[in-house]
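Chemist: Below is a structure I'd like to ask you about.
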Amino acid sequence: MAWRDRRGALRAILTGSACVRPASVYDAISIRIADDLGFPFGMFGGSVASLAILGDPDIALITLTELAEQVRRMSRAAALPVVVDADHGYGNALNVRRTVEELEAAGAAGLTIEDTLLPQAYGEAKPQLVSREEGLGKITAALDARRDPNLVIIGRTGACSITSLDDAIERALAYQAAGVDALFFTGVKTRAQLEAISAATTLPIALGSPPAELGDFDHLAERRVRIAVQGHAPIAAATEAVFKTLSAIKDGAAPKALTGLASAELMDKVTRADVVAERGEHFLGVKR
């Protein structure tokens, strides 16, 4: 599927009437599994990127080059649209332009730019936000950098949990007026907060890790929520599986005694072994 088609598929979700769950993806295998299972799109979160690329916690240590290369690998591996958490855009508004250019070229279907002050400021234990003016400048730069008009650019704010609901709405309205395609809110905890956001804005809404009170997807859809990101369990599950397997091997377990391993059939499927074999037969004269 061409980049334009993937981006069009993501836009169709935003303009639709349902609230969907994206798959948390982080590498070529995870995105292929998500694609095979029929997820509508994948979400490549910033915390997951830090884990997958560096093995570090989510403290803004990865570089744009590292992020874009991982997105490129995933985009090559499967046709599933990917929304990339581009964090703060890796610097000021000029850096944001470069971030959009690189992620668009890497095949991202969409990306989020947030207003969190990153990396963590000296002496500040709690998360901080950039000013409304700086946040808007980053969003404006992101929109200006876009070359494919189908690329989805989502303005993200963490103000609900850092400053106030009113501040979150004001920031969102500024991003909406600038021309973003959707609004991403983290820290929304109650139906009352969502009602206020939905009433004040007109764009499709994305929520980060909504709590149980916001677990009714029909209710979310009625409030224009089109995306509900529900954490990043796959990489945590994979980490646990690797830990258990290596622990068993270290303790002397025989290979045939190991449990929880992917079957040969599943490995062939996710590696697209049949496609590779067909190409080998066609181009190398290798009989299957």
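From the backbone N, Cα and C atoms, a Cβ is placed for every residue, glycine too.
Reproduced below are the annotations present in Swiss-Prot:
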BINDING   Ser47, Arg156, His232  substrate binding site
BINDING   Asp85  Mg(2+) binding site
Chemist: Mind giving me a neighbour count for Ser47 (substrate binding site)? Other Cβ atoms within 10 Å of its Cβ, every protein chain shown.
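Modeler: Other Cβ atoms within 10 Å of Ser47 (substrate binding site): 18.
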Chemist: Restricting to the record's substrate-binding residues (Ser47, Arg156, His232), give me the longest CA-CA distance in Å as a whole number.
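Modeler: Maximum Cα-Cα distance: 18 Å.
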Chemist: Measure the Cβ-based neighbour count of His232 (substrate binding site), defined as the other Cβ atoms within 10 Å of its Cβ.
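Modeler: Taking every protein chain into account, the count is 20.
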Chemist: Quick one: pull the CA-CA distance for His232 (substrate binding site) versus Asp85 (Mg(2+) binding site), whole Å only.
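Modeler: About 13 Å separate the Cα atoms of these two residues.
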Chemist: How would DSSP class His232 (substrate binding site) in three states?
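Modeler: The residue in question, His232 (substrate binding site), is coil (DSSP, three-state).
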Chemist: If you count other CB atoms within 10 A of each CB, which of Asp85, Arg156 wins among these binding-site residues?
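Modeler: Per the Cβ count, the most surrounded site is Arg156.
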Chemist: Can you list, in sequence order, the residues of the same chain other than Ser47, Arg156, His232 whose CB lies within 8 Å of the CB centroid of the substrate site?
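Modeler: Other same-chain residues with Cβ inside the cutoff are Met43, Gly45, Gly46, Val48, Asp58, Asp85, Gly208, Val229.
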Chemist: Round to a whole number and give the Cα-to-Cα distance in Å for the pair the residue listed as 'Mg(2+) binding site' and Arg156 (substrate binding site).
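Modeler: Cα of the residue listed as 'Mg(2+) binding site' to Cα of Arg156 (substrate binding site) measures 10 Å after rounding.
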